[in-house]
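Take a look at the structure below.
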Amino acid sequence: MKNLLVITGQTATGKTSLAVSFAKKINGELINSDSRQIYKHLDIVTGKDLDILQTSTVHLYDIVDPKKRFSSYDFTVFAKKAIKTIEDKGETPIIVGGTYFYLKHLIYGIATTQEADWKLRNKLNKKSIKELQVMLRLKNPDKLKQMNQSDRANPHRLIRQIELSQIPTAKKMLQNSLIKKYKVRFIGLRFKRKEDLIKKIRERVEKRMKNGAIEEVRSLFKKGYSEKDPGLQTIGYKQLIALVKGRLTKDEAIKEWISKEVRYAKRQYTFMKKDKNIKWKMVD
């Protein structure tokens, strides 16, 4: 079986650095699985390391316009093409990033069933995104929590998950699972202590503020992007947009940004620890 390396884990744990070191050792190329770093122009707030492109080949990095939605299905399609491209070169694919919803769909397959329930879909199409989110929370709260920001704001993805939640589990099928075709090695990075996590995230947020995070948001508006665009519906941008719009003070925006990142990191581990294939490594 072909080899596939997956490096995932909590935010701010050094996943990319580890992936780069592995790429040098095993002759590999990286595939980004961070839902925020997939977008173009979102550099400072997301902590994108563009210098990495000078020394390493990274697929699915800085490729999607912020006005476009990029779902876990889109990721699966693009990632499989990238894997083939890397293998055609005789190299090893290394998937790196903390968006577990992306990884789960790619590695284990996407839950599907028989024909779509068009009667139900037509009924749900009349509902707002907020109403769809409430429905999915009632039917399958775990699934809603696993969805990234883009999918949560996508009515088609919400409707599909509501539809799947009404089907008995036994009738669902996982299609195109990579776990059956590859020898997948999972490495997960997490912090030993909660205080280390908070300290690291606070330092990263402060550094990004010094590097021009607010100016980046203003620049995005000048380029024609708005706070409603899918790429900007994420942690960091939401808080800084509120700051630029006068809805939050600078201190309030920073405090909320840090708090949201910490909560996100905790959710990451909550879902990832259910995956028994991940071998965890602690970081300080």
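Sequential numbering from 1, following the chain as shown.
Using the three backbone atoms N, Cα and C, a Cβ is placed for every residue, glycine included.
What TrEMBL annotates here:
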type	residues	note
BINDING	G9, Q10, T11, A12, T13, G14, K15, T16	ATP binding site
BINDING	T11, A12, T13, G14, K15, T16	substrate binding site
REGION	34-37	region 'Interaction with substrate tRNA'
SITE	T99	site 'Interaction with substrate tRNA'
SITE	R121	site 'Interaction with substrate tRNA'
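What TrEMBL annotates, mapped onto the structure for a quick look.
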{"residue": "G9", "record": "ATP binding site", "DSSP (3 states)": "strand"}
{"residue": "G14", "record": "ATP binding site", "DSSP (3 states)": "coil"}
{"residue": "T99", "record": "site 'Interaction with substrate tRNA'", "DSSP (3 states)": "coil"}
{"residue": "R121", "record": "site 'Interaction with substrate tRNA'", "DSSP (3 states)": "helix"}
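Fewest Cβ neighbours within 10 Å among the binding-site residues G9, G14: this applies to G14.
For the region 'Interaction with substrate tRNA' (34-37), the residues of the chain that approach it from at least six positions outside its boundaries are 46-48, 61-62, 70, 75, 96-99, 101-102, 148-150, 234-235, judged by C-beta separation under 8 angstroms. The recorded positions listed here are K15, R121; among them, K15 has the most other Cβ atoms within 10 Å of its own Cβ. Taking a C-beta cut-off of under 8 angstroms and a sequence separation of 6 or more, T16 (ATP binding site) has the following same-chain neighbours: L30, D49, I52, V96. Within 10 Å of T99 (site 'Interaction with substrate tRNA'), counting C-alpha to C-alpha distances, fall none of the binding-site residues A12, T13, K15.
Calculated from their C-alpha atoms, the gap between K15 (ATP binding site) and R121 (site 'Interaction with substrate tRNA') amounts to 39 Å.
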